[in-house]
Every structure is written in structure tokens, then in C-alpha cells.
Amino acid sequence: MKEEECSPLLSQDTAGREHPLTRNSPPTANIPCPAPWENQKGSWGCRCCPGAKRQASGEGQASSLPLSTGSNCVKYLIFLSNFLFSLPSLLALAAGLWGLTVKRSQGIGWGGPVPTDPMLMLVLGGLVVSVVSLSGCLGAFCENSCLLHWYCGAVLFCLALEALAGVLMVTLWKPLQDSLKYTLHAAIIHYWDDPDLHFLLDQVQLGLQCCGAVSYQDWQQNLYFNCSSPGVQACSLPASCCINPQEDGAVVNTQCGFGALGLDQNVAGQVVFLQGCWPALQEWLRGNTGAIGDCAVAVVMIQGTELLLAACLLRALAVHEAAEDIEAGPL
């Protein structure tokens, strides 16, 4: 090295002695600036992910600061609860997709007389719940603040939608009743057109022990059960209208309602249910208002608890990251 030149990594004092540059020494043009986040491992490519600052760039050693016991409990509680919620939602999603696939293979269209396709509702509900639950599950397990922030936003959005639905249900109760009654009539008319509609209406009639929308005579609106129909089901009713469809046997007698529409009301009342499903549904709602309210409050409380736990975990992760930065010191 020539006498008039100095090393780019060394500085000289007035006596000509060389000594290493200190931390406060100005940078020189010969020293390249290290690339940001160089030599870091474990990052998912997101600045808010936990692995982004877990290793020192020079030493390559991970920080040894663990989460506190309370934060770990919150973390695994969020993971377990959302994992349990994701299982039935994924099952519902799979069942809905299977049902839609079967319907398409049978040539049944997406549109129908009822406002919404039951299988499509099952798919959408299962998809929303599974995506939200899995984001909370993975966000807590991986300590990923990006997913946890998204999870909190999704839960808040669901709570807002539920509050809006409650307000609309109270303010628009009368139009909702009329719409539900119309849906029952439409389901009767198109009973044989959609297997999902067929199944749901049968379950409603069996569960509420009713027949038709307002009375059992509403089945006259169906082309197959109308008394003027030339088919074998003329003046008949579905087996789900029968008081004892199995007739004390193991197999349902699908012909138990044959000819019931042509019978006298007193005679027909011994074979089938005469009350319509709409009055029966109103009576059921009045008798179970308290239970429905308790379920709604429980759902809101569960969502609020999950939101609070996620916020606590986010705060703990922020404090933990700040502590790691302090422990690592300036680079």
C-alpha cells in the first residue's frame, strides 16, 4: 500500500497511526451498503410476519425470547377454537359442492322458484366460515400478524352484518312473513322440480307436523297432486303429510296420503295433518323465541371473545417483536 493511500476500512490520526473505524465514523464510498433483510431466514415475505426479525444478519442466530405463558395460552386457545369451527364448515362446504355437482349432472339448473338454492347457501356459508376460521387458526399458530389482522377485520365485518340483519328483521318483520309464506307456496308448486326443495319441504312438514302452507288443501296448487290431474297422484298428498307415514313399520309408506284431498275433512284428519306449515311455524317461533335469542347472544359472545383474544395476541406479538429488537441491538 502506498504511503499517501489509506485503507477504506481504516482511519488515520494526525500521528499517522491507523485504527479501525468506530460505529460513529462516517461511511465511505468503498463500503457497500448491505441489502435490507439480508441473510434472514424464516420470513414469509411479509414485514408483519414473525420470522422477519428473528435472526441477526451478522451472526445468523435466532432470538431466544419466548412468548409469555399467558400469551401462549391465548395463542393455542385461538388455534383450537378456530380449528374446531373450521371442521363443520369444511364439511358443509364439501357437502354443498357435492350436492351442486349431483344436481348439475342430473341437468337441474341453478335458478329455481325459491329465492336461494339450498345447496348454494350451504356452499357460501361453509366457504365464509372456513376461510375466517382457518385464517385465525393459522395466524395464531404461526404468530402471523398479517393473518390475525385479517381475521379481526373479518370477525368485525360478520358482527356488523349480524347487527344489521337483526335490525332489518325487527323493522321488516311483516314483509319477511309475507316472503316466507310466498316461499312455502312456491315450494309446494315446484315440489317435484328440485330434489333439495323436495327434501327440505318434507323435513319441515315432518318436523312441524303440518301439511301445505296455510292448510293441506294448498297441495291442490301442485300439478301432480291436483284432483284434475290425470296421473296416479291426483287428489293425493306427500307421505310427509301423513300422521303415521311408516304405519308402525320400518319403511315409509309413500302411498299413505293417496286420495286424501278428495276425502271429507274429518275423515282426512285421521290420516294426514290438516294444519298448514305457516301457522305451525308461527306457533313454533312464539314458543322458542327465548331459545333463539339465547343462541344469537351466544354466537355474538363467542365472536366477541375470539376478537378480544386475537387483539390480545396481536398486542403480545408487537411487544415481543419490540423486545427482540432491543435485545438484538443496532445492526
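Any Cβ shown, glycine's included, is placed from N, Cα and C.
Swiss-Prot has this to say about the protein:
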- CYS210-CYS277: disulfide bond (DISULFID)
- CYS211-CYS241: disulfide bond (DISULFID)
- CYS227-CYS235: disulfide bond (DISULFID)
- CYS242-CYS256: disulfide bond (DISULFID)
- ASN226: N-linked glycosylation site (CARBOHYD)
- 1-34: region 'Disordered' (REGION)
- 1-76: topological domain 'Cytoplasmic' (TOPO_DOM)
- 98-120: topological domain 'Extracellular' (TOPO_DOM)
- 142-152: topological domain 'Cytoplasmic' (TOPO_DOM)
- 174-331: topological domain 'Extracellular' (TOPO_DOM)
- 77-97: transmembrane segment (TRANSMEM)
- 121-141: transmembrane segment (TRANSMEM)
- 153-173: transmembrane segment (TRANSMEM)
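Overlay of Swiss-Prot feature records on the structure.
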residue	record	contacts (Cβ under 8 Å, 6+ apart)
CYS210	disulfide bond	VAL204, PHE273, GLN275, GLY276, CYS277, PRO279, ALA280, LEU281
CYS211	disulfide bond	GLN205, TRP219, LEU237, SER240, CYS241, VAL272, PHE273, LEU274, GLN275, GLY276, CYS277
ASN226	N-linked glycosylation site	GLN220, ALA234, CYS235
CYS227	disulfide bond	GLN220, ALA234, CYS235, LEU261, GLY262
CYS242	disulfide bond	ASN253, CYS256, GLY257, VAL271, VAL272, PHE273
Candidate with sparsest Cβ neighbourhood (10 Å radius) among CYS235, CYS241, CYS256, CYS277, the listed disulfide-bonded residues: CYS235
Beyond the flanks of the transmembrane segment (153-173) by 6 or more, those residues with Cβ under 8 Å of it: 131-132, 135-136, 296, 299-300, 303-304, 306-307, 310
The topological domain 'Cytoplasmic' (142-152), counted residue by residue under DSSP: helix, strand, coil: 8 helix, 0 strand, 3 coil
In three-state DSSP terms, the structure that CYS242 (disulfide bond) belongs to: strand
